[in-house]
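Q: Here it is, the structure in full.
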């Protein structure tokens with residue numbers, strides 16, 4: 001098991017290295033410059049480039065950046081003068097993590113309940129409704145769902161605050177919007193697993209022993225369907241990471257996703273680089289946890 005974990009960890013570290021390298025050099029070929037103020041004189045522009053180390057050869061900039069990265073130094077923002085990037089991320093990351101956690105919990109719980117109900121009423125009306133919601137959650141981007149929720153629940157019905165962060169009511173609409181994707185994935189997975197479980201021999205044996213239908217479904221079929229669901233952590237985390245970027249912008253949430261969107265047109269390379277790395281590390285942690293849980297549930301994957 002230890003050998004398997006070390007192997008997976010090594011592959012993830014290699015992937016992270018490639019992401020850092022590709023992102024760094026992609027930043028260099030992006031058109032434009034963060035110092036595009038027409039009021040800057042050539043001398044002032046040279047001073048700024050020297051201050052941020054942009055006058056050094058590209059290969060030297062790369063090795064300096066990688067060396068600083070391992071010490072947690074992501075440089076300072078080009079736009080927010082003298083503001084360390086690591087400080088900016090530390091202030092906003094908890095907001096994004098809270099939003100993602102709430103959406104993951106809500107989506108998982110609702111998905112498990114909907115999948116259970118769909119399996120028990122296979123091909124029925126409820127199964128059709130939940131199936132439609134699952135297709136909606138998988139096929140429609142979260143920012144489209146978020147926009148519709150904002151227009152209907154926020155502007156038309158005025159049920160919740162339309163923007164900001166700080167109170168529980170402000171988290172409701174973005175959490176619902178972001179939870180659609182994990183809800184859809186879990187619903188389809190639990191439905192499929194439970195339909196298979198309900199027709200298995202051990203379920204027939206449980207019914208033959210006189211157990212109530214509630215006990216058969218909850219203690220046997222549902223429980224055995226939820227164990228393999230641990231393998232979905234990685235894909236759902238990826239969906240939440242990519243979906244939260246625009247959701248934060250739509251609902252004016254002060255998370256790293258909104259900061260990332262703002263930094264792109266501003267050509268704030270240190271913020272873009274650091275945010276990309278943070279997203280990659282978070283995703284890789286989820287993938288590693290998923291791989292470990294999968295290896296525990298199914299030892300064959302270690303081979």
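Using the three backbone atoms N, Cα and C, a Cβ is placed for every residue, glycine included.
Since this is a predicted model, take the numbers as computed values, not measurements.
So Swiss-Prot lists these for the protein:
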TRANSMEM  9-29  transmembrane segment
TRANSMEM  62-82  transmembrane segment
DOMAIN    93-290  domain 'ABC transmembrane type-1'
TRANSMEM  93-113  transmembrane segment
TRANSMEM  129-149  transmembrane segment
TRANSMEM  166-186  transmembrane segment
TRANSMEM  227-247  transmembrane segment
TRANSMEM  269-289  transmembrane segment
Q: Between the transmembrane segment (129-149) and the transmembrane segment (9-29), do 3 or more CB pairs sit under 8 angstroms, pairs being 6 or more residues apart?
A: no
Q: Grab the same-chain neighbours of the transmembrane segment (269-289) for me: Cβ-Cβ under 8 Å, and only residues 6 or more beyond its ends, written as numbers and ranges.
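A: Same-chain residues near the transmembrane segment (269-289) but 6 or more away: 5, 8-9, 12, 15-16, 19-20, 23-24, 27, 34, 65, 69, 74-79, 85-86, 88-89, 93, 233-234, 237-238, 241, 256, 259-260, 263.
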Q: I need to check the long-range neighbours of the transmembrane segment (93-113): which residues 6 or more away from its ends have a CB within less than 8 Å of a CB in the stretch?
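A: Contacts with the transmembrane segment (93-113): 165, 171, 174-176, 178-187, 189-190, 222, 226, 229, 236-237, 240-241, 244, 247-248, 253-257, 278.
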Q: Under 8 Å between C-beta atoms and at least six residues away from its ends: which parts of the chain pack against the transmembrane segment (166-186)?
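A: Hits for the transmembrane segment (166-186): 98-100, 102-104, 106-108, 110-112, 114-115, 133-138, 140, 142-143, 145-146, 149-150, 153-154, 160, 229, 232, 235-236, 239-240, 243-244, 247-248, 250-251, 253.
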